[in-house]
Amino acid sequence: MTAQPQTLKIRRPDDWHIHLRDDEMLSTVLPYTSEVFARAIVMPNLAQPITTVASAIAYRERILAAVPAGHKFTPLMTCYLTNSLDVKELTTGFEQGVFTAAKLYPANATTNSTHGVSDIPAIYPLFEQMQKIGMPLLIHGEVTDAAVDIFDREARFIDQILEPIRQKFPELKIVFEHITTKDAADYVLAGNRFLGATVTPQHLMFNRNHMLVGGIRPHLFCLPILKRSTHQQALRAAVASGSDRFFLGTDSAPHAKHRKESSCGCAGVFNAPAALPAYASVFEELNALQHLEAFCALNGPRFYGLPVNDDVVELVRTPFLQPEEIPLGNESVIPFLAGQTLNWSVKR
């Protein structure tokens, strides 16, 4: 029997999907990311979405101002696609190095997506330009038709929206974000180098039974919602396969405690504090630690055409206890796996 490794050294990872929010929430949650991750793709769905070069630059400056001393962190900004976005604004932002990618939210699919796109074929000219200049398209892959069951919205999105986009724009780089189903995993595995996907720790570790059996656990509620066990197992198999089309994207999405624990709670899991130990635990369970570094630190840069990070992080087999809550002014944020212990810690 092979001895269990006691340390893991990997290239410093990047987070290819995160919500950093703004103001006090930003300054509270950012250090948990900037301490471990070198770069992060920052979602643009603020209450006032990031749709212009100027607003992206201003938001980037607010993020950089909140990075603690001693942390080396680069936020990678994204443009929020709307029905009326000017193609020149998108192109200018990408060519100036302000926008790394553009984000497609179907209108009302998730938090702060009311400004999202209601008629996707109408913005095909944006996709055509993005394909031409090599700008990645990041997609929240769920249909929003009220007649479609919430557990079926990702699978339906593939057939109705994603496949037509890929057929029309075959060389458009697309990230199918936070995938949650066997349908999505199989679709990405069957794809080509222009299609990638991010996978969150919560969708690898849990399924809908964990959220709903024996009481509702609101801190596991996110969108896309956790699916049945068969889908969870398919995601685990996909990341364990070593395919270079899957990479780390936490979708860490903090909300104040009272906004999660309510009669109509917000969707989002704040997993940044435990993200890397959580992924390591999953890969170890799957006997796939040999693929951890690629998933966390190599596949994403390769897809985006960016250099890998020079420095390394070290994970050590030391119990890591997640706090029950994290102060947020007069309130608090409940982290993913609150009060639980993971087998791996990031060496500081």
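The count begins at 1 with the first shown residue.
Cβ from N, Cα, C; glycine included.
Fair warning: this is a prediction, and the values are worked out from it, not measured in the lab.
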Joining His17, His19, Lys103 at the Zn(2+) 1 site recorded in Swiss-Prot, out of Asp186, Asp244, Asp251, is Asp251
Which of Ala56, Ala58, Ala267 shares the substrate site with His19, Leu20, Arg21, Asn45, His140, Leu223, His255 in Swiss-Prot? The record says Ala267
Candidate sharing the Zn(2+) 2 site with Lys103, His140 (per Swiss-Prot), from His178, His203, His210
His178
With the substrate site defined by the record as His19, Leu20, Arg21, Asn45, His140, Leu223, His255, Ala267, how many Å span the farthest pair of C-alpha atoms?
19
Specify the secondary structure state of Lys103 (Zn(2+) 1 binding site) as given by DSSP, simplified to three classes.
strand
Around His255 (substrate binding site), which residues of its chain at least 6 apart sit with Cβ under 8 Å of its Cβ?
Cys266, Gly268, Phe270, Val333
Within 10 Å of the Cβ of His140 (substrate binding site), how many other Cβ atoms can you find? Include all protein chains, please.
24
